[in-house]
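Annotated features in TrEMBL:
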- A:62-83: transmembrane segment (TRANSMEM)
- A:95-114: transmembrane segment (TRANSMEM)
- A:120-142: transmembrane segment (TRANSMEM)
- A:154-172: transmembrane segment (TRANSMEM)
- A:192-215: transmembrane segment (TRANSMEM)
- A:246-266: transmembrane segment (TRANSMEM)
- A:278-306: transmembrane segment (TRANSMEM)
- A:313-333: transmembrane segment (TRANSMEM)
Amino acid sequence: MRSSFLSDACCREAPAVALGGVSGAPAGPADALGGLAALAGTFDALGTHAVLGLSLPSPTIFAQYFVFAVLLGGIYGLVALGLTMIFGVMDVINFAHGALMVVAMYAVLVFSDATGLSPFFAIPFAVVLLFVLGVVVYRSTIAPIIDAPQENQLIVTFGVLLILVSGVEMVFGSDPQQLGLDLGSLNIAGVFVPQGQLYALVIALVALAGTWLFLQRTMLGRAIRGTADNRDGAQYVGIDVPRIDALTFGIGAALAGLAGGVIPLFQSFTPALGDQYLINAFVVVVLGGLGSFPGAFVGGLIIGFIQVFGSAYLGGSTYQIVIFMAFILVLLVKPEGLLGGSADE
Amino acid sequence: MTRPILETDGLTKRFGSLVANDKLSVTVEEDTIHGVMGPNGSGKSTFFNTVTGFYRPDGGTVRFDGEDVTGWKPDEIARRGLARTFQIPSPFEDLTVKENMLAVFTGGIRSGVRISEEKRARADELLELLEIDHVADQEAGGVSGGQEKLLELGRILMLEPACVMLDEPTAGVNPSLRNRLLDHLETLNDRGTTFVIIEHDMRVIADVCDRVTVFNQGQVLVEGDFESVTSDERVRDAYLGGAAEHDASLETLIGEGSNASTPEGTGDADTGATAAAGATPDAGTEPTPSAGGGAVPADGAGEAAGSAAAASTASALSGIGAEPDGEPWLVGEDLVSGYGNHRVVDGVSMESRDGVTCVFGPNGSGKSTLLKTLAGVVPAWEGRVTHRGVDVTHNRPAENVHRGITMLPQDGGIFGDLTVRENLLLGGYTVDDGAVREERFDEVLSSFPELEGKLDERGRSLSGGQQMMLSYGRAMMTGAEVYLLDEPSSGLAPSLIDQVFEMTRRLVESGAQVVLIEQNVREALRIADYVYILAQGQLQFEGTPDDLTDEDDLVELYLGLD
């Protein structure tokens, strides 16, 4: 297993290829999760000059895993942020979240290619585009059935997912795409910090802080939280609940746009990549607590750590089993999630 | 004829600290129709659930047909011959009416494999008897609400029960169908089926019930025939709100029950009660004479204290610039509304007037739905709502808040996860001018000083009384000129009721018109300037409290008697 990563150690695009080999799916989409794990393996190999076997890692290696875990966890947190927000306010499980990310990835690609500007300029473009797309999706599909049973909305967002992903696939094909961006890595005392992911983490943290400040400090933010808390009560103070729903869905989609926009900084992507992130994002959201913002990041970090350390020290895809065991454990012990429902006490 | 078929002895059911059924001993004679009545929350449905095995009793026994069935499972009890219906019918919607009848599990596993001719014959006979044979082949999901009720009854009768317990069989059923249903009940009763029915419609009780048991606060209040029960003073107290503190004899009669169970029911509200009493000592120091029929409109206790505060609050709180002008601001004309295919409000016209406009009526009479229709929460099917002459029938509640109409829902509607400060600030969501919002915020805090120390606590951490204050305070932040209050005192300790009325008066003194729904009629009459009484979704009375001097009339109106 380790050796299959090693063979690709030299090239940045290794993850897609390595994973394709491991999963046995010919020309399959890059598995984001496996991809990052492979990346971890890559740097492990570089750092230790290909120490095979099960000897205990040096502090440097451990620090390397730690950095990867935090970086990966931050991305998961960012992915989960929009999902948890839409659920918290509207009680809608947005299956299209991953598809919205995919739209953002390709929006970044198109924008960069068309303008020749750095992808960093494309990210704000993707965020704005996705906000508009989110409002349109909300108004056209979810608003008419907002009072219907929850499974109706779930199915509708699933339909949106299929339409968006298929649309992207029809235009761009299903081959992996990349920005051809070589950001390189920082080397801090022997620990490599891939810059693409570092930027992504910084953007994720800024997004978290910005969203949090918006929700806590502005009247509109309070109105969103009030609507999340008591939809009936909200209308009695003059909050236009359908408008808040549209705004929330727009912001949720914009956060998906941000997450989708940063992923091309460090990873090649296909139209199917969104689904892979989405599944883990669901786990993250449930782990952290539905509707809880800090929970999204705590959950993201937990998954990041399990994945990076699990793929380093356990064989194959065992970490996936550990992730879902942690998931089930939380559901059994604290079904409201680690940081969910704490307000009751 | 005098053999008891169903007996409970000391039946007790608790939910946490709430004693829903408190040592109920009820005897139902064979071949009778036995009515169970009582105000909202008196434990009627819990009694049904406990007797029929849906809840495990915490004490006492249930004997049915000479056998102890305490703790039996619901299906065992049903097959033993004690069947029941639920308040909300739940047929298999995708099966036809007849299939629904045949789907009843009449006994033994074999009945589920092959449907006997006998069973088919019984189903046909019942469908014919209940006069729903013409819809036998329609899907049950498509029949009317009334036919659904009949089907529910029919399904139960498939079990050939000796005794049937019906939970509000006529709720949401139109009058002609109701009469048919009652005819069927009497026919079946003549054939030897015993019925126990929970009913809010007093006409039904009067028409068909041989005997009536009245519950209050989880206990049996009175048992007897309809005449003796409705003329009983204790029953009036239970429905119209006790004036116990003003009447020593009543207090000794029912004081024990109400004092013991109310604080438990309201949870932590009693801590708020003591705190609140400390904060506003003026409330309730002046006992108002209201024990008799004579209602004292408006200008009673608390006004002197309230007006001083109101003089200062009026400035910021009546942000719309409202001044009483003798005109009704919010007017509903011929309103019809409801849920699904149930008509709840059936052609009601009412208006908000200067002062406090009270809406009374028994449970299920459509008071809340009427208020929600006025506020725009429940869409009006027919009729129209105008605010200061402008048609607001199709406005959403949020748009109405912008116009100066706000509603306090029954649960207060506060944001439990947000802090008290945020709750109040959101009350001013529609206020664009930050300075006005700040000013109102300060005014509200000076009206409710108790909230000041709690600004950074979450709404849900407040006591019941404080949550109610927060709800009032938040509504005042909107600067509304018409307040629609849906039973603000419900769920609060009795000692807080005075305070609710005090705050309600304060809204009036700030220049607003208040529409108030209240269960405690006698107390509410003290502050009412105008009264509407609803029953069965229709207006039974409107006028000033002075017109209601004869309490016998009030009882009849309130209980929906003709």
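Backbone N, Cα and C atoms are what each Cβ position is placed from, and that goes for glycine too.
The model shown is predicted, which means the values in this text are computed figures rather than measured ones.
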Legend entry - Annotated stretches the transmembrane segment (A:192-215) and the transmembrane segment (A:62-83) touching (3 or more Cβ pairs under 8 Å): yes
Inset, instruction - Answer with yes or no whether the transmembrane segment (A:278-306) touches the transmembrane segment (A:120-142) by the criterion of at least three Cβ pairs under 8 A, sequence separation 6 or more. - result: no
Legend entry - Among the ranges A:62-83, A:95-114, A:278-306, the one whose Cβ pairs under 8 Å to the transmembrane segment (A:154-172) are most numerous: A:95-114
Legend entry - Chain residues in Cβ proximity to the transmembrane segment (A:95-114) (below 8 Å; excluding those fewer than six residues from its ends, i.e. six or more beyond): 79, 82-83, 86, 121-123, 125-127, 129-130, 133-134, 137, 154, 157-158, 160-162, 164-165, 168, 171-172, 177, 179, 252-253, 256-261, 263-264, 269, 271, 273-278, 281
